[in-house]
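Please read the structure below before turning to the comments.
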Amino acid sequence: MRDYDEVIAFLGDWGPFQRLIFFLLSASIIPNGFNGMSVVFLAGTPEHRCLVPHTVNLSSAWRNHSIPLETKDGRQVPQSCRRYRLATIANFSALGLEPGLDVDLEQLEQESCLDGWEYSKDVFLSTIVTEWNLVCEDDWKTPLTTSLFFVGVLCGSFVSGQLSDRFGRKKVLFATMAVQTGFSFVQIFSTNWEMFTVLFAIVGMGQISNYVVAFILGTEILSKSVRILFSTLGVCTFFAIGYMVLPLFAYFIRDWRMLLLALTLPGLFCVPLWWFIPESPRWLISQRRFEEAEQIIQKAAKMNGIMAPAVIFDPLELQELNSLKQQKVFILDLFKTRNIATITVMSVMLWMLTSVGYFALSLNVPNLHGDVYLNCFLSGLIEVPAYFTAWLLLRTLPRRYIIAGVLFWGGGVLLLVQVVPEDYNFVSIGLVMLGKFGVTSAFSMLYVFTAELYPTLVRNMAVGITSMASRVGSIIAPYFVYLGAYNRLLPYILMGSLTVLIGIITLFFPESFGVTLPENLEQMQKVRGFRCGKKSTVSMDREENPKVLITAF
């Protein structure tokens, strides 16, 4: 009995049909790149200080000294959330007293920004922060905005697979594109922060659903050899292209509503893709819609210039194939033995902390020295060589060492940021980008590594659980950025330390390179450096002489 890949092998691997599907599905990911990171500019916090109304009768000297100073990054700057009590300094101004000469400013009573704030417009003309004053006592709302977007991403990752299984890959792909584009457009008309945030969470649901379904559709249509290229370089590289486009839009459009409109419009260009992207033949077969699946393959063969067999799918053969029942599995199977539980816990930590590093570095771009638009572009650009490097390393080297190696690289250079003199800002930016390179490379390898560690029976569940852990990491990441308001170096110290720590933990994983994928839980390799309880002589013999074939990658 042949499987699906054997049935359609006559199509070849890289004909016009496969190239069309590869590039169209990859291109559909571009809006995900700029929508996913748009919060960097939509919720940017410009320099600000308390507003001193023009109606207050102050001399020019007292107006210039109405804001207390504080030391920040080694220089004196006006405080962002405090001012001298206006009634007091107005009296001093009326008496003709001079600040700093007749009055000791350090002894003056201070008050909060009772009349609002004035914001610098050097970088942003308007953001949701300036529109709804998400600063000082309300500055906690800014990271929460981003976290709730990723909560939407987490929810979307739950439902996207189930929806595509029920209604089909193609319909759900375009429906979730519509959700992402439509609700992004509705966000433009937000009247308050609460409305914006709820809509942003829905956009997050649409964004990840679009990504996941495009990923599934590509892996089901493309052949095995192209499937790896699509999942590692295709979708990831086009996501990075969208990421790089974002700062170009933001540079020329500095009003958040107009920027959001500009980022929404490209989603309309995905509409014509409906007539070029087919439904997944695999899904159609699973729904017993054999004729529709055969029509798609016939069109693909015609596009590739290949003569297709008269009958491609034998209903009896496929019915027999679909009738095979898999053993039911439960989440507790990932913790069935001490060894499996250890691998699962370490995998969850690896995914979550790597995700924290990736998203914290991406979202922390506004806090870097220099031009925020250039830094954001570089942050997206550095991902392209990171993905290519990961792809090349996965082809030739053991998984544990390459993942640990790039994590050590990323964490190490992030820890070096704290020793760079303040005058060498370009060095700090370079180190941060090198750190992003390492973390991004590691992140892109995790799907392959996790899939190779677990047996077929629980592989999808394991990847799903660890992927959920990465969503939790993305929810936490904005608060690492938030710590930068207290100390500019603190996020890098924490991210660098955690990245090095998870790199060390990676060395305790079993190696999966060149090893046949396990088919059941008993074939899973043992964690290195851990004792998994007492073993019988028989079980010890099995571990010393495992029945696992070593194959070339």
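Cβ atoms are placed via backbone N, Cα and C, with glycine included.
Summarising the annotation, Swiss-Prot assigns transmembrane segment to 21-41 (among others).
If you look up Swiss-Prot, you'll see 42-142 (among others) marked as topological domain 'Extracellular', on the strength of sequence analysis. Across the topological domain 'Extracellular' (42-142), the DSSP tally of helix, strand and coil residues reads 28 helix, 21 strand, 52 coil.
For Asn57 (N-linked glycosylation site), the same-chain residues that are 6 or more apart in sequence and have a Cβ closer than 8 Å to its Cβ are Ala90, Ser93, Ala94. Taken from Swiss-Prot, the feature N-linked glycosylation site covers Asn57 (among others), and the record attributes it to sequence analysis.
Counting every protein chain shown, 11 other Cβ atoms lie within 10 Å of the Cβ of Asn64 (N-linked glycosylation site). Sequence annotations record features per position, and here Swiss-Prot assigns N-linked glycosylation site to Asn64 (among others) based on sequence analysis.
Other C-beta atoms found within 10 angstroms of the C-beta of Asn91 (N-linked glycosylation site) number 11, with every protein chain shown included. Annotation comment: Swiss-Prot describes Asn91 (among others) as N-linked glycosylation site, evidence class sequence analysis.
Under the heading transmembrane segment, Swiss-Prot lists 143-163 (among others), citing sequence analysis as support.
If you look at the transmembrane segment (172-192), the same-chain residues 6 or more away from its ends with a CB under 8 A from one of its CBs are 28, 31-32, 35, 128, 132, 156, 160, 163-164, 199-200, 202-203, 205-207, 209-210, 213-214, 217, 257, 260-261, 263-264, 267-268, 270, 273-274, 277. Here Swiss-Prot flags 172-192 (among others) as transmembrane segment, drawing on sequence analysis.
Per Swiss-Prot, topological domain 'Extracellular' is recorded for 193-197 (among others). For the topological domain 'Extracellular' (193-197), the list of distant contacts is 128, 132, 134, 141, 144-145, 148, 187: same-chain residues at least six beyond its ends, Cβ to Cβ under 8 Å.
The feature transmembrane segment is assigned by Swiss-Prot to 198-218 (among others), with sequence analysis given as support.
Annotated ATP binding site per Swiss-Prot: Gly218, Thr219, Glu220, Ile221, Leu222, Ser223, Lys224, Ser225, in sequence order. Of all Cβ atoms in the shown protein chains, 17 besides its own fall within 10 Å of the Cβ of Thr219 (ATP binding site).
Swiss-Prot lists 233-253 (among others) with the feature transmembrane segment.
The list of residues near the topological domain 'Extracellular' (254-257) in space but at least 6 beyond its ends in sequence, with Cβ under 8 angstroms from a Cβ of it, reads 41-42, 123-128, 131, 188. The topological domain 'Extracellular' annotation in Swiss-Prot covers 254-257 (among others) and rests on sequence analysis.
Sequence annotations record features per position, and here Swiss-Prot assigns transmembrane segment to 258-278 (among others) based on sequence analysis. Note on the transmembrane segment (258-278): residues 20-21, 24-25, 27-28, 30-31, 34-35, 38, 41-42, 170, 173-174, 177, 180-181, 184-185, 187-188, 217, 221, 246, 249-250, 296, 299-300 of its chain, located 6 or more positions outside it, place their CB under 8 angstroms from a CB of the stretch.
Annotation source Swiss-Prot lists transmembrane segment at 340-360 (among others).
Here Swiss-Prot flags 361-373 (among others) as topological domain 'Extracellular', drawing on sequence analysis. Cβ atoms under 8 Å from those of the topological domain 'Extracellular' (361-373) belong to residues 37, 39-41, 44-45, 123, 146, 247-248, 250-251, 379, 425-426, 428-429, 432, 435-436, 439, 477-478, 480-481, 484, 488, 491, 495 of the same chain, restricted to positions at least 6 beyond its ends.
Per Swiss-Prot, the feature transmembrane segment maps to 374-394 (among others); the stated evidence is sequence analysis.
By neighbour count, meaning other C-beta atoms within 10 Å, the densest spot among the binding-site residues Ser223, Ser225 is Ser223. Contact between the transmembrane segment (21-41) and the transmembrane segment (340-360) is not supported: fewer than 3 Cβ pairs lie under 8 Å, counting only residues 6 or more apart in sequence. Long-range neighbours of the topological domain 'Extracellular' (422-428) within the same chain, counting only residues 6 or more positions beyond its ends whose Cβ lies under 8 Å from a Cβ of the stretch, are 73-74, 368-370.
Cα spacing between Asn64 (N-linked glycosylation site) and Ser223 (ATP binding site): 69 Å, rounded to the nearest whole number. If you look at the transmembrane segment (374-394), the same-chain residues 6 or more away from its ends with a CB under 8 A from one of its CBs are 33, 37, 40-41, 229, 232-233, 236-237, 239-241, 243-244, 246-248, 250, 361-362, 365, 368, 402, 406, 429, 433-434, 436-438, 440-442, 444-445, 448.
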